[in-house]
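Notes for the one structure printed next.
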Amino acid sequence: MSSGWSQNDHRSYSNPPPVSGKRPRNDSGNKVTVVLGAQWGDEGKGKVVDLLATESDIVGRCQGGNNAGHTVVVEEKEYDFHLLPSGIINTKCTSFIGNGVVIHLPGLFEEIDKNEKKGLKGWEKRLVISDRAHIVFDFHQAVDGLQETQRQAQEGKNIGTTKKGIGPTYACKASRTGLRICDLMADFNEFSTRVKNLVQQYQSMYPTLKVDVESELKKLKEYAERIRPLVRDGVYFMYDAIHGPQKKILVEGANAALLDIDFGTYPFVTSSNCTVGGVCTGLGIPPANIGDVYGVSKAYTTRVGIGAFPTEQLNAVGELLQTRGHEVGVTTGRKRRCGWLDLVILKYAHMINGFTAIALTKLDILDVLDEIKVGVAYKINGKRIPHFPANLEVLQKVEVEYETFPGWKSDTSAARKWGDLPAKAQNYIRFVENHIGVPIKWVGVGKSRECMIQMF
């Protein structure tokens with residue numbers, strides 16, 4: 001057989017046959033179901049994920065780090081997750097930490113140890129970590145604190161970061177000085193040199209920064225061997241999951257729409273895209289494989305830290321919501337600010353994410369109120385504005401236009417189906433649904449999995 005080149009070969013490559021007609025969009029493969037926060041975080045995403053994870057084969061995280069907090073209650077045991085996908089509880093499910101997540105390895109193992117004591121078993125057989133995920137170092141956390149102190153000194157205010165090193169790690173990623181899990185898995189001497197160079201860069205910017213590099217490298221060498229069996233090429237892992245046998249794949253978003261680096265109340269936001277685009281970039285999957293996108297919202301609104309909050313109630317109502325709702329941050333332990341449900345932000349979150357349905361949580365917290373208000377529009381100088389303001393100073397000046405509803409004044413915590421809810425609570429839910437133009441699929445009336453009323 002001749003392996004030489006011929007004129008025929010040339011013709012076949014330079015004049016390929018035309019592709020007939022328009023190429024169809026490749027919609028093949030399993031669809032990925034996505035759960036996202038629709039407010040400022042702490043909406044109860046973990047509970048919705050937990051419900052769906054019972055039937056899922058894979059649950060993934062696509063962005064954020066251990067600055068997020070999910071609480072899941074199973075058989076009266078309360079599990080707290082920060083980096084681990086909450087699907088890790090399900091023994092038949094693989095949990096995947098994607099390339100868009102930033103991983104603090106000491107934090108990851110501390111979280112695993114805590115949840116093991118509560119009964120989590122066999123996690124190492126069902127956890128996969130992307131080799132392209134970036135590493136959060138202890139010195140990133142120290143820098144996070146120094147930056148907050150600097151902001152406070154210069155501007156008289158800070159961002160209210162969790163000081164978990166998330167922002168500095170994403171900044172390193174963008175400036176191309178970051179290190180990834182694949183670097184830790186490769187030559188450790190080369191990895192060590194790059195870590196030392198990064199520390200020197202930071203110390204030139206922050207002369208007071210003290211770092212015990214050798215101690216951190218020693219710990220990282222130990223962690224490297226512990227995670228080595230869990231590390232995979234995330235792109236190929238997700239491709240096989242989507243294009244292999246039929247699987248149910250679920251993605252749990254961290255943080256929320258109004259904390260998104262692009263679409264949130266900047267600069268009081270997180271450092272990643274926590275809207276639907278972050279799912280594609282944080283896992284390495286095509287948009288065509290995104291299926292249902294579920295938005296999660298409380299029946300009222302909360303926010304941790306500083307930043308604009310148009311429907312905030314700095315009064316007895318806000319205090320009652322805070323107390324009844326046990327509104328304390330899972331990650332920070334800070335009290336959450338509380339206010340009425342804001343449909344302007346919910347509609348805005350839907351515009352970005354294209355929610356196919358909503359989960360409305362913590363309806364039972366409103367049970368004791370005589371009247372309940374819902375923010376339906378913003379006004380500036382008495383005139384309605386047709387959009388959610390990007391500029392923070394404008395947002396802080398808006399007046400909120402409210403619709404007022406009579407309270408139902410009865411306990412909803414035992415409700416397990418739509419018909420069990422009082423008529424006034426049903427009216428409230430239908431109003432929210434109609435205003436934002438998205439069906440409400442679940443209504444939460446308590447902490448446990450059983451307290452989620454499924455509507456359809």
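A Cβ is built for glycine as well, from the same backbone N, Cα and C atoms used for every other residue.
Swiss-Prot lists Asp42, Glu43, Gly44, Lys45, Asn67, Ala68, Gly69, His70, Thr162, Arg176, Thr270, Arg334 as binding IMP, and of Asn30, Asn189, Asn255 the one it places in that same site is Asn255. Residue annotated by Swiss-Prot as phosphoserine (from the set Ser56, Ser130): Ser130.
The two recorded residues, Gly69 (Mg(2+) binding site) and Arg334 (substrate binding site), have Cα atoms 12 Å apart. Using CA atoms as reference points, the binding-site residues Thr71, Thr162, Val445 were checked against Lys335 (substrate binding site), and the closest is Thr162. The two recorded residues, Gly41 (GTP binding site) and Asn255 (IMP binding site), show a Cα separation of 5 Å. Within its own chain, Asn255 (IMP binding site) has Gly37, Gly41, Gln63, Gly64, Asn67, Ala68, Thr270, Ser272, Cys274 as residues 6 or more apart in sequence whose C-beta sits under 8 angstroms from its own. Geometry remark: Arg334 (substrate binding site) versus Thr162 (IMP binding site), CA distance 10 Å. Within its own chain, Arg336 (substrate binding site) has Asp42, Thr302, Arg303, Val304, Gln322, Gly325, Glu327, Val328, Gly329 as residues 6 or more apart in sequence whose C-beta sits under 8 angstroms from its own.
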